[in-house]
């Protein structure tokens, strides 16, 4: 698609400046050639399989019986959308997203404030905050699963209001809490670094001026600092929310979807890879894709995120 | 607010950050020194109790495991190749986006953004099918290709932000002296852009090293299975009864490369994350 040059533009340009037109055309050609490999690579693994998923989702197709493939139209979608399991996992997924992002935003902001103000030990703080960011999600999942385990963990011993033999993975509520803890631990550093960048853009003079005018600390925070880093906060929320909506690794490692802790991603994976139901799995894939689009759309509309403005593009 | 209480608040904040970031790491290291027998019987507590320490036994056992060694080798190889290729492709694209005016630029940025938000799991079904048909299933390229696709948005994003801050008068000077756009790119800009490229490479490597979804669904043997997938399949499918201390030792080994990179390149990573995602 990017190799298509633009022959029409030449004719519409002002005829009295042919050399500009030539240059512009050469620039367009070079630009399109330079981005072509990236665009092709990105589309090979996303657009093409997605189209194939749409195609496969109209079949009753299991890998265990590949010859027995029947066209059934939208019946996979009807089955999925009328199954309470689908709505239950979607609900759990939204719960993961809302709670983890809200908590990460608060803790991440506090961390960003500390990192912004701190003068001593800056390197140590920044190095350690990158450790959870860099650690494999699976490792984080294991670390917290074992920490919450009543057989070998330490959390039951440390928490005063929890019995020593309390099984965190025995029921939905506490299982979800444990998964959220791992998720929040691993991704809060990312959030706080994004917020730190936003904080650095708030002018110190403005904060100082508010201080001179007698604004309290809370007023400075809510009236000066937060409004001025709105773009950074919104971008951080958007990125993290979409990331949290796709939660998979932690659930796989910590509960394997038991006790109704399953997310929509996990349900899709289970249908496709574990049960070989490619038709149904594809339908779920399409639904997952559409729901991510919906979440992105809602966040962008609700919070009026302007990505171009955040990147300072026109 | 007076200065002393301000400073106390900062110190408390710093300590909280350190505990937050390092406690779970300390825990997994401590767990990796609990002996296997005591884990089976149940060995609660943060540190190994009396007589339940295992010394380096768990590490030896993990390292002697052929599958684990293969997984480490796969992960390093696949992540490095994916990083290298992805950064080369992203550098070309980011240069065009930062510097050139061309039709379709908005479209490229939109595609990159859309892919950064793409639900990875929704691809594994069709990819599983396609990879088995084309023979890419359970091979290194079978993982390198999706890793490249999914690290390109971040790399392009980070690099184009870096490229915009390069003193471009130098490029124009080169062009005035008779260099073409391509020569100006290769001889003037590449050396200037090297630090940004390096940052993008680190972030890309982190992504590839961390990936789990592709790792478990597009591989089936130790031919290509990377370390996160290998850890999760270490023993059995029962998530409630795992050899915790062995897994902890494996997890620590898998984390060492990341810690080393963080220690060496801390400043660059922070700059890359913040400039790539928020600033222009």
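Using the three backbone atoms N, Cα and C, a Cβ is placed for every residue, glycine included.
In TrEMBL, the feature transmembrane segment is placed on B:140-163, out of the ranges B:140-163, B:164-187. In TrEMBL, the transmembrane segment annotation falls on B:107-128 of the listed ranges B:107-128, B:217-238.
Your range for transmembrane segment, going by TrEMBL and the list B:7-29, B:30-52, is B:7-29. Residues 93, 97, 137, 146, 149-150, 152-154, 156-157, 213-214, 217-218 of the same chain lie 6+ residues outside the transmembrane segment (B:107-128) yet bring a C-beta within less than 8 angstroms of a C-beta in it. Here the listed stretches are B:7-29, B:72-95, B:188-209, B:244-265, and the one with the most C-beta pairs under 8 angstroms to the transmembrane segment (B:140-163) is B:72-95.
Taking residue pairs at least 6 apart in sequence, the transmembrane segment (B:244-265) and the transmembrane segment (B:7-29) share three or more C-beta contacts under 8 angstroms.
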